[in-house]
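Chemist: Copying in the features that TrEMBL gives for the protein in this structure:
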type	residues	note
ACT_SITE	GLU296	active site, proton donor
ACT_SITE	GLU492	active site, proton acceptor
BINDING	ASP163, HIS203, ASP211, LYS404, HIS409, THR451, ASN493, ALA494, ARG528	substrate binding site
COMPBIAS	85-96	compositional bias 'Polar residues'
REGION	74-96	region 'Disordered'
Amino acid sequence: MPEMALQQSFNLMIRPPSSSSSSTMASQVVVGRRQSLFLASSKFDFRLPYSVRKLKCVFANSATRALVRDAGESVEDHHPIAGDNDSSSPDGISSTNINDYNQVVDGELRLPERDFTGTAYVPIYVMLPLGVINMECELVNPDDLINHLKILKSIKVDGVMVDCWWGIVEAHVPQQYNWNGYKRLFQIVRDLDLKLQVVMSFHECGGNVGDDVHIPLPQWVTEIGCGNPDIFFTDRDGRRNHECLTWGIDKERVLRGRTALEVYFDYMRSFRVEFDEFFEDGAISDIEIGLGPCGELRYPSYPAKHGWKYPGIGAFQCHDKYLMKSLKKAAEVRGHTFWGKGPDNAGSYNSRPHETRFFCDGGDYDGYYGRFFLNWYSQILVDHGDRVLSLANLAFEGTAIAAKLSGIHWWYKTASHAAELTAGFYNPCNRDGYAPIASMLKKHDTTLNFTCVELRTLDQHEDFPEALADPEGLVWQVLNAAWDVSIAVASENALPCYDREGYNKILENAKPLSNPDGRHLSAFTYLRLGPVLMEKHNFVEFERFVKRMHGEPVSD
């Protein structure tokens, strides 16, 4: 029975709970509570996530109730009313009725999960701790790391992901690279017969949820920025963002005689030469190219350091002199020189769409100037990805490369999709903003790595109803945009995930049941190795998840 029909059958029985709200960051959204639905005048209480998997039940004397059989179909079973109890079972439920349930243990009814036995093998990688390499490029706590890696290997994890931080490797002097700590780390990983996903991390670490270390951009870059702050992304109020370099200097020789593109290429080429043996023997399986803040291809539109809080719409980041020069030139070419400026009615970081004239329904975002500006703003993003990935393919010829997109799922159920627009994804309700990005990635045979595959829309509606978020709708759109042009799609979770419901959501996205072409994720990277994952009950659940992603049978 389709999920929607199943949900409708439940809706006949329930009344919705009251809403509540909270606030945090995109990859910060706390998903702790689950949607709870209560059956009036009974003790029957169950959770109903978007994909119905588990019902918590406390049976009481009542009239006829709709129940769910093993096959997932809603049926009518007669429960004896008061005075007609069957003494063979508690609370007047007959033994026959009890046998109708798949499993009832300690008052909990579990519906059968989808069986992934024999499905496609999806490799599993685990992100290493952010501080596994320190600022002196030394491996931290190697003995503990080796023990953890051996445990991961024992449950058939395929490999690990590690960030190669620009701010560590080229920290002090241009073109002087220190790879020492990474050499030792890679040797350990290879000796354990694990694969390596390596991220070229051209961004700052620190300030985001889960960041337990601070790794700034190289010192020599920061020094340049003191004299020329326009090398950084800038908002309308002139606040600079030091997470990464503005794309406006991709071709400007402002970094000690080099352009930003040349700096990125030199770094990637040095890595390729230094670790040649790991490429040749296949220990390095793929390289993810950092293209913006958090390594993601997006503008730094929602920085917590500037006061942003979820679910604010964020702010456009195009007011450095280099991007403004590009915007003015585009306006002149269009024949409207007065369009050569950013919107002045787009609110601030924590505004809601309806509070602004630019993003509200019928707002300027869909007018002549708005369309011009958003086309330019999003094209700058696509062009940056295009240029850097061209160089990455030169540096890593013959090795799979990937690019990461962030899941900007809040305000997805509005017309403007304001948070996506400020991040550079021109994806209002009347336009597919991810198709041009997918086409650009296709050009370079690049895997699209997407986040937030563990998030459930129903959870967001309970915890943050004001955000009008739809992570499931966004995931569906982005995955299909990629698969429509036949590029590989990998993914990772946006938030820490330890529970079965979260893993089930990942599995559903990894291996879509209804995809007519049998599409599935090319790999999944788990966020992240740490003490909490290693706790026994969490690790047992994670091992079960790994088996199912590999298409192996599991049992409880």
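Every residue, even glycine, has its Cβ placed from backbone N, Cα and C.
Bear in mind that TrEMBL entries carry predicted annotations, made automatically and left uncurated.
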Chemist: At the level of the C-alpha atoms, what whole-angstrom distance separates HIS409 (substrate binding site) and the residue listed as 'active site, proton acceptor'?
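Modeler: The Cα atom of HIS409 (substrate binding site) is 15 Å away from the Cα atom of the residue listed as 'active site, proton acceptor'.
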Chemist: Measuring Cα to Cα, tell me the gap between GLU492 (active site, proton acceptor) and ASP211 (substrate binding site) in whole angstrom.
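Modeler: The separation of the Cα atoms works out to 16 Å.
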Chemist: Just the number: how many Å between the Cα atoms of ASP163 (substrate binding site) and GLU296 (active site, proton donor)?
Modeler: 13
Chemist: Tally every other Cβ atom lying within 10 Å of the Cβ atom of the residue listed as 'active site, proton donor'.
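Modeler: The residue listed as 'active site, proton donor': 23 neighbouring Cβ atoms within 10 Å.
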Chemist: Would you count the other C-beta atoms found within 10 angstroms of the C-beta of HIS409 (substrate binding site) for me?
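Modeler: I count 28 other Cβ atoms within 10 Å of it.
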Chemist: Express the distance between the Cα positions of ASP211 (substrate binding site) and GLU296 (active site, proton donor) as a whole number of Å.
Modeler: 15
Chemist: What does the structure give for the C-alpha distance between GLU296 (active site, proton donor) and ASN493 (substrate binding site)? Integer Å is fine.
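Modeler: Given the Cα positions, GLU296 (active site, proton donor) is 14 Å from ASN493 (substrate binding site).
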Chemist: Please list, in sequence order, the residues in the chain of ASN493 (substrate binding site) that are at least six apart in sequence and whose C-beta is under 8 Å away from its C-beta.
Modeler: THR451, CYS452, VAL453, GLU454, GLY502, ILE506, TYR526, LEU527
Chemist: If the substrate binders are ASP163, HIS203, ASP211, LYS404, HIS409, THR451, ASN493, ALA494, ARG528 per the record, what's the largest distance between their Cα atoms, in Å?
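Modeler: Overall maximum Cα spacing for these binding residues reaches 25 Å.
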Chemist: In the structure shown, which of the recorded positions ASP163, ASP211, GLU492 has the fewest other Cβ atoms within 10 Å?
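Modeler: It is ASP211 that, of the recorded positions ASP163, ASP211, GLU492, has the fewest other Cβ atoms within 10 Å.
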